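For reference, the structure is listed below as structure tokens.
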Amino acid sequence: MGTGVGQTRAEIAQARRVVVKVGSSSLTTPQGGLDHERIRDLTDVLAERRKAGTEVVLVSSGAVAAGMAPLGLTQRPRDLATQQAAASVGQGLLLARYTAEFARHSLTAAQILLTADDLMRRAQYRNAQRAMSRLLEIGAVPIVNENDTVATHEIRFGDNDRLAALVAHLLRADVLVLLTDVDALYDGNPSLPTSTRITQVNGPEDLVGVDLGSANKRGVGTGGMITKVESARIATEAGVATVLTSAANARAALRGDPVGTFFVPAKHRRPSSRQLWLAHATAGRGSVFLDPGAVHAVVTEKASLLPAGVIKVEGDFNAGDPVDLRDENGVLVARGLVNYDSAEIPDLMGRSTRWLARELGAEYSREIVHRDDLVVLRNGSTSDREAC
């Protein structure tokens, strides 16, 4: 666990491009409506940084919260349909507020709504990358949110923390700032005087034994401290320095002041956005078990998973779903997007692709999981294949 301010924290003030994520609890009143004063304070900070020459992207939650009051909801809805209804009402209200506040600084706000699928598919990924990059070039401030109205339970971020980390990767940002309602990561309950602020995290090993618990206090947002730390991990694996602190510390964090918790970025090759999503932002819909030869091929040789190496299937999933790849003892070794329904795989197990093509047709000679749709999990980190 780090005890001091890292050398790279001071470089935040010179960052060329920053992504700032703010959660619902930092934008709303105790009653759940939009807090215009908080939004104004945040836009003042971001406008100040933008005018200093830094490209700024804001990932903002709050659409569901903003839509609650107009729909007569007193508590955040738990079912997806009502969440989507609230988001469809609230997203326009949220953007209108940001547009008005940034206009005070002669800046233009631009709405970007993304789904996990947009960052999983190469063409959509590139389109999102080009659109946001162009907005930054012409001086606008992209405001990103998950497209809650069309996202599904199966393929969604569920909170904007992980979305922010993947956007930081997509845009090759220098810094990610995660703003929440606590001032830092602590080694215990932050409300207890015995808890100590963690000033710097150099790697996952620094958090072994730390009880992350939940930072949610008001029931407005969806992300707790666990998802924020996971998002910091995604970003730092992509080489993006990350600061976790409260919205009240936004200005200080962007100056590189020693506030909050600083997560030191990794220095290895950047993984692809798809690999980061598979490793960190989704759960397997089922499991495919591999024999030792297949484990070696997938993990060491970075090969695709072929039917011949499969020994068992568990769960109910469809082609295109993420699945966990496990060795014969059940140890998770990789995760990938499967090419077959779970009901189809038992008839393919142990067979060569040549036999399958001859007996069942060419459509059954495909890999179970193609190497381009697969991420090897080693001690919780992604493999070092080329970034997309």
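One-based numbering along the chain as shown.
Cβ atoms are placed via backbone N, Cα and C, with glycine included.
Per Swiss-Prot, the feature ATP binding site maps to Lys21, Thr180, Asp181, Thr222, Gly223, Gly224, Met225, Ile226, Thr227, Lys228; the stated evidence is sequence analysis. The annotation substrate binding site is assigned in Swiss-Prot to Ser61, Asp148, Asn160 on the grounds of sequence analysis. What Swiss-Prot records for 285-363 is domain 'PUA', and it gives sequence analysis as the kind of evidence.
Cα-Cα distance from Met225 (ATP binding site) to Ser61 (substrate binding site): 15 Å (rounded to the nearest whole number).
Non-local neighbourhood of Lys21 (ATP binding site): Leu58, Val59, Ser60, Ser61, Asn160, Asp161, Leu163, Ala164, Leu176, Val177, Leu178, Leu179, Ser231, each in the same chain, at least six residues away, with C-beta under 8 Å from its C-beta. Around Thr227 (ATP binding site), a 10 Å sphere centred on its CB holds 26 further CB atoms from the protein chains shown. In the three-state DSSP scheme, Lys21 (ATP binding site) is classed as strand.
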